[in-house]
Amino acid sequence: MVAAQKINKDLQEERDKVTFVIEEFAKWFYGGPRQLHEKRFLENYILSDPDLQSDVDPSYLSHKEKYEEAIRRVVVILKRIDKLQAEGHKIDNVHKKVLGSMIVSNVFKEGSPLTTHIGMFGQALASLGTPEQQAEWLDRALRCRIWGTYVQTELGHGTFVRGLEVTSTYDPKTKEFVINSPTTTSYKWWPGGLAHTVNHVVVFAQLYSLGKHHGIQPFIVQVRDFETHKPMKGIIIGEIGTKVGFNTVNNGFLAFDNVRIPLKNMLMRNSQVLENGEFIKSQSPVLNYGVMTEVRVDIVNGMAQHLAKAVTIAMRYSTVRRQSPIDPKLPEPKIIEHVTQQMKIFPAIAKVIAIKVAADKLYNLYDEITAEVKSGNLSRLPDLHALSCCLKVVTTNEVAQSVQICRLACGGHGFLNSSGFHDIYGNVVAAQHYEGENTVLLLQTARYLIKAWSQVLQGKKLTPSVEYLSAYKSGQLGKWKGSPNGILTALQAATAGQIALAYKHLEERKKTSSVEVATSQTGIELAKASELHCQVFLLSSLMWSVNRAAKYFSKALGEVFQDILHIYAYDLALRNLGSMLQFVSFSSADLEQLQMDFEASLKKFKNNSIGVVDGFDIPDSVLGSTLGAYDGDVYERLLSAAKKSPLNQEDVNKSFDLYLKPFIKSNL
């Protein structure tokens, strides 16, 4: 990768122990040699632009300066992409592959102002617009000649979409919609890029026509003038303020005061309003929310990439850092020699692989079901929705926790901005909030699981993701075996048992209260069932991928995949013992053996751990960390970064003469 560098001897010593070909792993991780080559080409082509280099870390800039610098960098990258295309390089969906990927994660440490434009605006036009509407707006959006965002959430309503307050009322006399924000709580709130970046929005509003209400529908609205960028008439727009992270995403607020748009600006691929005001209903209202499903799939994939950065930093630092003798007669060891350090980092490495595999499987499922929907078959949409909801929740929660563990594993140095953890963590925890409140999403998955259990009781055939419920009902699950496959079976039994228990309590509560009240009262059990169902999907997907890899990759790499599977399965079992003990028979010897197997799996994986994180193929220009650089020169990088602090550019800060000296010299 960067063989010409002088490598820290401890780091090189660990690399020399690796038993597999790292390049082979990298090709697998990125989907094949072509995809890996394309990623590297784009990294080199985009990030080599000198206008993206800066001696001043953005963290030292003011909030306003950060945004302005982010916009400057966006334009540099867009020009670079234009140049790439002019040179004849044909790369499909290149704007998303650059601006919607990890490639620019160190360029925009706190997110890009075009994040939502790249991730949602174009997709909304593609999935919600008619061919005529796509001809007018989509191509310009994909080429970033108009900039837009996806506007749904309001100040007073988020995940509860039906509660949105912004209205769009059709006026048949002028053939226009009149959009209004009737209350303070109806202000649109949060969309990325909305504040000062975009000039268009896809907005979701309550539709009224001929005095009738027709639910939530999407509309495209120009919010800023093309020439001056000033807000259009009736548009009230601004920024919502600083946040824990994502501070250059330019999240904004938006309100409408009798804003008129033409009839053609209602996105009518699914539902339509005719010139006379007649409303033609979609075959399924959920089709309007397909964009959110795709974004949740993107989030799952993004979590794997963010965690890959975190474990790369923690693993390389742990290989270079020496501290706390294990044997007092020997020198201080690399901290990765401590089994407690391995316990922190190795399961996180395994999670990267498990989440990446689950994301790949979810992408394939999304493509299959999208094709079915286009042909009028909506039967598998609920399955996709249920999986995307719970995976978004579990992966964002677990990755946030794992990034924090990796940061803590780096001691005090992990608390520095220059470590890179601050930015990774800020980007990850943001995903816990957007595209659906996590508990609500778990309850949406639970609704699907309860229905599936009801079908089991009726003897009906289930979709593949929940087939294990039938096996549980027929008594095929519940016997403990300490292998990954045995752990999967035990987890399936625990999940099915939890679903059955929630179903039982829900039915009992429905006898004395409404369905809504009964569901609310059973919420804790339902949410737990959804989390377990997601863990079943993650483990089963990883097992499938590892078994497949054994057929197509070298024996050495196949063994590494097996080691990763064992770490992931044992760690998962230990974290979910409470749930499994309720529905699976264990002996004390079984539990003791599980812990011993977990510790043995850490030891077995150790020599290949650095090879796996190297195989994530994250160059220093993307990693952006003093602790995790490929050469392992941690201490020189830490000192160099510290010297760049603006406070170190003068020997005496002016605050001494202004405040400290007068106080010291005073007679007080």
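Yeah, the Cβs are placed from backbone N, Cα and C, and that goes for glycine too.
Record features (TrEMBL):
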DOMAIN    22-146  domain 'Acyl-coenzyme A oxidase N-terminal'
BINDING   Thr153, Gly192  FAD binding site
DOMAIN    289-450  domain 'Acyl-CoA oxidase C-alpha1'
ACT_SITE  Glu435  active site, proton acceptor
DOMAIN    484-665  domain 'Acyl-CoA oxidase C-terminal'
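Everything TrEMBL records as a feature, shown here on the structure.
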residue : record                       : contacts (Cβ under 8 Å, 6+ apart)
Thr153  : FAD binding site             : Lys188, Trp189, Trp190, Pro191
Gly192  : FAD binding site             : Gly111, Pro113, Thr115, Thr116, His117, Thr149, Phe246, Val249, Asn250, Asn251
Glu435  : active site, proton acceptor : Met292, Val295, Arg296, Ile299, Lys392
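Mean model confidence for the domain 'Acyl-CoA oxidase C-alpha1' (289-450) is a pLDDT of 95.
The helix, strand and coil residue counts that DSSP assigns across the domain 'Acyl-coenzyme A oxidase N-terminal' (22-146) are 88 helix, 0 strand, 37 coil.
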